Amino acid sequence: MGHGTNRVEDMASPNNGTTAPATANARETIVEIHSVCLPPKKTAFQKLKKRFGDVFFPDDPLERFRNQTWRNRVILGLQSLFPIFTWGSQYDLKLLRSDVVSGLTIASLAIPQGISYAKLANLPPIVGLYSSFVPPLIYSVLGSSKHLAVGPVSIASLVMGSMLSESVSPTQDSILYLKLAFTSTFFAGLFQASLGLLRLGFVIDFLSKPTLIGFTAGAAVIVSLQQLKGLLGIVHFTGKMQFIPVMSSVFSHRSEWSWETILMGLGFLAILLTTRHISMRKPKLFWISAASPLASVVISTLLVFLIRNKTHAISFIGHLPKGLNPPSSNMLYFSGTHLALAIKTGIITGILSLTEGIAVGRTFASLKNYQVNGNKEMMAIGFMNMAGSCTSCYVTTGSFSRSAVNYNAGAKTAVSNIVMASAVLVTLLFLMPLFYYTPNLILAAIILTAVIGLIDYQAAYKLWKVDKFDFFTCMCSFFGVLLVSVPLGLAIAVGVSVLKILLHVTRPNTLEFGNIQGTQIYQSVKRYREASRIPGFLILAVESPIYFANSTYLQERILRWTREEEARIKENNGSTLKCIILDMTAVSSIDTNGIEALFELRRRLEKQSLQLVLVNPVGSVMEKLHKSKIIESLGLSGLYLTVGEAVADLSSTWKAHGQP
């Protein structure tokens, strides 16, 4: 497409969105017309290889192995599989001191939270402590984050508890419920590890930020309402997770309310919220909120022990078995009527815990300017959950609250998780009898304090200001969880997010461009007041790929643009429309449906004596247009590198032929 140099007239004027007069401020300039080149030739295998690498290996994980000796490759391979080998050789006493302090600090938070979150999942409290021992040890070897503190989390606990309890009673059929919990954990880990091994992490991107904001807020409200059972001392409470049944159960069992439980529960809740507020206002005092849950457990346990003979209104945990995690591989449930439920619960809790864990890890990595490998994190979290399912643990991941405490306490490496696990080990072996009189109300208060921070109203308000559709997605997720159910609420929000994607895909944006006076820049006439239309031209831009899902729509939309422009010209007695310029700079790809649509568009425009011109197609699009012969049908003056060159060359051609 080698055009020569042409002498043309620059006919742009400063009229706002109106046609520039052909004779106004005309001045002669020299514009060089550049050819539009084809990309370098590649075989089909080369294209497939590049595409495969871009999709599944954007980080090029094998780059560091190139030009290395076999010994170095083995060392790099071990470091890649086990990140502990990366920093282990440089580990010293100074780092150990920092990790011991942070590890003991997060242990003081992990022990009461582990017991509380297990209750939230309708599991025995001891399972929460088991889940705070084995998974952190495995993550410290496989994980790439220095600050992620691993253990049970509220959202995954709530989802597992709500999904399993819909089909199996945790009280009447406790053994089957426990089997399903461990099996769900196994499938969660299998799903997570598979995503990492197959490098399919983009799957979790379907849980958009608005979806997660609404989901976590809705789940936080449900979790908070469920804690009214412990704070009010209610014995007979609904097992449902929806807002209306929970509130109905609260007020229909008013006769069971215990003033002693309410008084003590609200008192400790106020203390926990106050310490949380202090630590948020002054991050250097992080240790206050970190230590307050364990301190509250100790104090409340002593109080209940002292008044045990005077009142029986305050319920407590009771006996907790001492000892290490018992093996549970024999309890995994791989056949039977409830297998589908275990798989579904595992996948949903796996996605949620994976999203939270990776997001938390990347948050603190960015603060310390180091990289967290998403695929390695998926494998680490997946393998630790698979191992956990065989050692009486349920779904675990990186907790934001514990990780924040770990970060503020000065953690340097994943050894802080080993220290935390060691503290939990001591508790399991020697301290379990001390939790006998721990009241359920303090567990409810700890959970309430933890989940309140999940209600991010400021983020929801920002969504409202920035993107109304994202806010709508957030509200669908929030009210879906609150009024329907936890899994269905999540499904509704994901469905709305997918609908948004489909709308963007099937109904892409098109713009009309005009020239900014004195430049070769062409921009939207609606966005830039100084951009003016060029007589005889309709300049349009498409802001998406062109393929089967939107090709028909784009064809009809461009024809509508043409009709509207002709009507405007007729109304204003302007110059006759001669050419439609299609700026394809933002068209990243095109398929056969898109090419056929361009053929059909050119044919229909020709019937109206209008010329179709394409501008700046990217390499892959240019290659397909060339192979489809559409370039030949457009002719020598049908393809240009820039809009400015197209307008200049065509205008000079019309002038040379005596056309107005």
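For all residues, glycine too, the Cβ spot is worked out from N, Cα and C.
Check TrEMBL against the ranges 331-354, 595-618 and you find transmembrane segment recorded for 331-354.
Distant neighbours of the transmembrane segment (471-499): 158-159, 162-163, 166, 206-208, 210-215, 217-219, 221-222, 241-244, 344, 348, 352, 460, 463-464; these residues of the same chain sit at least 6 beyond its ends, with a Cβ under 8 Å from one of its Cβ atoms.
Among the recorded stretches 147-164, 212-237, 331-354, the one sharing the largest number of Cβ pairs closer than 8 Å with the transmembrane segment (414-435) is 147-164. With pairs at least 6 apart in sequence, the transmembrane segment (257-273) and the transmembrane segment (147-164) have fewer than 3 Cβ pairs within the 8 Å limit; the two do not touch. Non-local neighbours of the transmembrane segment (441-459) in the same chain are 112-113, 115-117, 119-120, 125, 154-155, 209, 213, 216-217, 219-221, 223-224, 227-231, 233, 261, 264-265, 268-269, 272-273, 276, 293, 296-297, 300-301, 314-315, 317, 401; each lies 6+ residues outside the stretch with a CB under 8 Å from one of its CB atoms.
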